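Chemist: First, the structure itself, so that you have it in front of you.
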Amino acid sequence: MQAPPPEHCPGLESEQAGKASACAGCPNQGVCSDPNKKLEDPGKALVVESMKDVKHKLLILSGKGGVGKSTVTSLLTRYLARSNPDSNFGVLDIDICGPSQPRLMGALGESVHQSGYGWSPVGIEDNVCLMSIGFLLGSVDDAIIWRGPKKNGMIRQFLSEVDWGNLDLLLLDTPPGTSDEHLSVVSYLKDDTNPESLCAVMVTTPQEVSLLDVRKEINFCKKQNIPIVGVIENMSSFRCGNCGNSSEIFPAKTGGAAAMCAEMGIPLLGSLPLDQQIAKACDSGEDITEFKNVTTEALDGICSKIIASFS
């Protein structure tokens, strides 16, 4: 296995790449210090080889934190797997400092094993597997205090040294913003010969403070030439379990996701309400695919649109 960058790695594009004291002993030192190869990441070829049997990669993005990217990722994965039992799905949690997928997918306490083909992802269902840095920590309360280069090295290992096998779709749960993790994963997965192999779904809540950052994320994808499948409006309303009436917890003062999608020419995949039953199930890692309510009906519709976009 290739070693991750040193903790104080100056980065591939730094003038000190391969020359700084932190570079001593790094297996990539010679490549980084070569001016003819400095912009050529030595891990790219390893990622390409490892991901050759992964048909599609789907980034779950949002410029704003707390809008439910991780929850939406887990819900989409479960519904896609249930409605497409002959297809294989994977989830990669690249929120390095705040991994949530082990809890959401009911895999807390699981560990990753090494095989001759690399790390084996944790099996969730017969056709779903998961990889997260949460499986590599001694405790769920351990803090990860890493700089960008070390995060990037971890992401590269997840992409190149995990035995993903044959996957029809790999969903990537991302942190907020457009930071090191996003730039790293795009640089490794973007394939100019097959631009449709890497796509994105945006998650937002109805209020303008969220939409403002999602617009930035959409523009990030456009600059990187990443096709956007559509936008999911999460927490669009709250339906009372007693009276059945709906209320807007986050009022859409500027028209919400629908208005933004119309303005920016992006499909609106659907809206998901706040749902107490779903929230409790996610906290305990339960499978929610057998639930029958407004939220699960909306999820079915959203998943159908996502599958159709890959056809």
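In case you wondered, yes, glycine gets a Cβ from its N, Cα and C as well.
So Swiss-Prot lists these for the protein:
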BINDING   CYS9, CYS23, CYS26, CYS32  [4Fe-4S] cluster 1 binding site
BINDING   GLY63, LYS64, GLY65, GLY66, VAL67, GLY68, LYS69, SER70  ATP binding site
BINDING   CYS240, CYS243  [4Fe-4S] cluster 2 binding site
Chemist: Excluding GLY63, LYS64, GLY65, GLY66, VAL67, GLY68, LYS69, SER70 themselves, which residues in that chain have a Cβ inside 8 Å of the centre of the Cβ atoms defining the ATP site?
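Modeler: In sequence order, the nearby non-listed residues are SER62, PRO176, VAL203, THR205, SER210.
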Chemist: Taking only the binding-site residues CYS9, CYS26, CYS243, which one has a CA atom nearest to the CA atom of GLY68 (ATP binding site)?
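Modeler: Of the binding-site residues CYS9, CYS26, CYS243, CYS243 has its Cα closest to that of GLY68 (ATP binding site).
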Chemist: Between C-alpha atoms, which of these binding-site residues comes nearest to GLY66 (ATP binding site): CYS23, CYS26, CYS32, CYS243?
Modeler: CYS243
Chemist: Which residue among the binding-site residues GLY63, GLY65, GLY68 has the fewest other Cβ atoms within 10 Å of its Cβ, if you could check?
Modeler: GLY65
Chemist: What is the number of other Cβ atoms found within 10 Å of the Cβ of CYS240 ([4Fe-4S] cluster 2 binding site)?
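Modeler: I get 10 for this one.
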Chemist: Return the residues near LYS64 (ATP binding site), defined as same-chain residues 6+ apart in sequence whose C-beta is under 8 angstroms from its C-beta, sorted by sequence, else 'none'.
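Modeler: Same-chain residues close to LYS64 (ATP binding site) (Cβ under 8 Å, separated by 6 or more) are PRO176, THR204, THR205, VAL209, SER210, LEU212, ASP213, VAL214.
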